[in-house]
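Feature list (source: Swiss-Prot):
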- ARG58, THR59, ARG108, HIS136, GLN139, GLY264, PRO265: carbamoyl phosphate binding site (BINDING)
- LYS86, ARG169, ARG222: L-aspartate binding site (BINDING)
Amino acid sequence: MPYTKKDLISMKDLSKDDIFDILRLALKFKELNKSPVKKADSLRGKTVINAFFENSTRTRTSFEIAAKRLGADAINFSSSVSSTKKGESLIDTIKNMEAMKTDIFVVRHASSGTAKFIADNASASVVNAGDGLNEHPTQCLLDLLTIYENKGRLENLNVAIIGDIFRSRVARSNVWAMKTLGINVKLFGPPMMTRDCEAFGVPLCSNIDEAVENSDVIIMLRIQLERQDGEPEFPSVREYSKFFGLTAKRMELAKKDVIIMHPGPINRGVEINSDVADDPKFTKILNQVENGVAVRMAVLDTLIKNRS
């Protein structure tokens, strides 16, 4: 049965069949994106507002391109110049934009749960483009598409997620979805950045070599310094790179056809060395970015059909 909900808030809301339906549709849109015209019309006459209350490069641009390629009017809302600076509440802001006949809100916010809060109070559809430490479902879907394209399957793969797991909404979405799909996930990072990981119900490795060993896919995560409070959680960048960074030498422990992924932005020489990040044999980071447009086209197309 196809995904029929009004919104996309969490990967927990998607069944295995839902995920594959979206990925199959994304593959069709990826073919469209290779054509000279790159245009469809399923969102013609519809309005998509990118309501981003946090900074973003890849996600916001990707959603804007996706909406426009489907024929929608895509509007970028910036909280820095909005009436929220004058004391207007979040819901009043959303209600005012909804009164302009908005069909879909794409929401990014620093507070976990904000996307669901908006979805519960709006008749327009809502896509969670990242809410605090909670989830980032479309990043997860583009990661899954990238893995599927490079491995030819999703089930029974070994995936290592390494870095600041505690603050990573990408890690949360990926773990929930990968468990649903039968992917073997293991986690690793500094102790303060892997606290509460037992809630995921997947193995937590004791060192990076254990995490990398026999992996089909390695997903590296940056240190989210902007979300840290108080004392630093590691002695220095040099120490972090030594014990938690991905190097060419460590790559030798993984499977020969391993692929490396990263949600971006990359901090070179910290969680990943440049020679690894730039190696076309292993690295699929730009492939992820490319797939982001197709996946977000698939999500927007699915939600607008659900509204019909």
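Glycine is no exception: its Cβ is also placed from the backbone N, Cα and C atoms.
Features recorded in Swiss-Prot, as mapped to the structure shown.
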residue	record	Cβ within 10 Å
ARG58	carbamoyl phosphate binding site	16
THR59	carbamoyl phosphate binding site	24
ARG108	carbamoyl phosphate binding site	25
HIS136	carbamoyl phosphate binding site	25
GLN139	carbamoyl phosphate binding site	26
ARG169	L-aspartate binding site	22
ARG222	L-aspartate binding site	18
GLY264	carbamoyl phosphate binding site	17
PRO265	carbamoyl phosphate binding site	9
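Taking the C-alpha positions, the distance from ARG58 (carbamoyl phosphate binding site) to ARG222 (L-aspartate binding site) comes to 15 Å. For ARG169 (L-aspartate binding site), the nearest of the binding-site residues ARG108, HIS136, GLY264, PRO265 in terms of C-alpha separation is HIS136. For the pair ARG222 (L-aspartate binding site) and HIS136 (carbamoyl phosphate binding site), the C-alpha distance works out to 15 angstrom. Each of SER56, THR57, ALA129, GLY130, VAL170, PRO263 belongs to the same chain as ARG58, THR59, ARG108, HIS136, GLN139, GLY264, PRO265, is absent from that list, and has a C-beta within 8 angstroms of the C-beta centroid marking the carbamoyl phosphate site. Reduced to three states, the DSSP call for ARG108 (carbamoyl phosphate binding site) is strand.
In this structure the residues listed as binding carbamoyl phosphate are ARG58, THR59, ARG108, HIS136, GLN139, GLY264, PRO265; their two most distant Cα atoms lie 16 Å apart.
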